[in-house]
Amino acid sequence: MTETTKTHVILLACGSFNPITKGHIQMFERARDYLHKTGRFIVIGGIVSPVHDSYGKQGLVSSRHRLIMCQLAVQNSDWIRVDPWECYQDTWQTTCSVLEHHRDLMKRVTGCILSNVNTPSMTPVIGQPQHENTQPIYQNSNVPTKPTAAKILGKVGESLGRICCVRPPVERFTFVDENANLGTVMRYEEIELRILLLCGSDLLESFCIPGLWNEADMEVIVGDFGIVVVPRDAADADRIMNHSSILRKYKNNIMVVKDDINHPMSVVSSTKSRLALQHGDGHVVDYLSQPVIDYILKSQLYINASG
């Protein structure tokens, strides 16, 4: 498959990130490597979305601290970004709402038609909302260029800080190449872009707990968006899926990363990291990046059992 015929993917991870660990970052890397190896996907970006303060989890430090730690953890990555939208809302947001927000945001920022897993758009079009007196995002009057994956991610990076806290309306997009020499309307090569929820097997397992998730939300998350699961502690994701009728129904929309089941980062967790910090355990350097450790010590976070 050529680059333009592959599905372009943005991986979105929601969670407490209390604190963000090396395991979280490796989850992104392992998922990207696995999707690339399938030959069907190109991962063009990753988004870390920390949960709102009102989530109510015991020991959850403020979003201000968690956002800073997340930013420190991804500062050397050229494709993973931290998004504060969820933290900046008036109250806690469901995972479904976060996915829908980012789908709408990507439509506005990139000009892509984002398709659902089950009902992919047959003719995704690249371009800009049809507003008067506006120039297409990718238009260049001198050198016509295609909106490549790198340009899409770059545009996201340029605009995210400006509009991340605004929920844009859903619109259709078209792109017209106003090339005076050709005098004709051209359509750029089609690029299909999807946002997939990235999670560990623990979140997948939570889908099986009766009453914990809204079933309508689960239908949207798994049925419309799709999930990439990176198993932890050698968990059997296939066995977990068999315990949920919705997961079984949309099992083709759930991609389980099957690489090294003994990956050292698969046993790293925020809970272990907090305990290591509370007990002065030197193994904390195996769980957290040094900039995150330095910030935690400077801010006196997780020093006692209450967080």
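Cβ coordinates come from backbone N, Cα and C, glycine included.
Take the NAD(+) site that Swiss-Prot assigns to Ser16, Phe17, Trp92, Thr95, Gly200, Asp202, Leu212, Trp213: the candidate from Arg40, Arg64, Arg232, Arg239 listed for it is Arg232.
Here the Cα atom of Leu212 (NAD(+) binding site) is found 23 Å from that of His24 (ATP binding site).
Note on proximity: among Ser16, Trp92, Gly200, Arg232, the binding-site residues of the record, the Cα nearest Thr271 (ATP binding site) is that of Ser16. In terms of Cα distance, none of the binding-site residues chosen from Ser16, Trp92, Arg232 sits within 10 Å of His24 (ATP binding site). Cα of Arg274 (ATP binding site) to Cα of Gly200 (NAD(+) binding site): a span of 19 Å.
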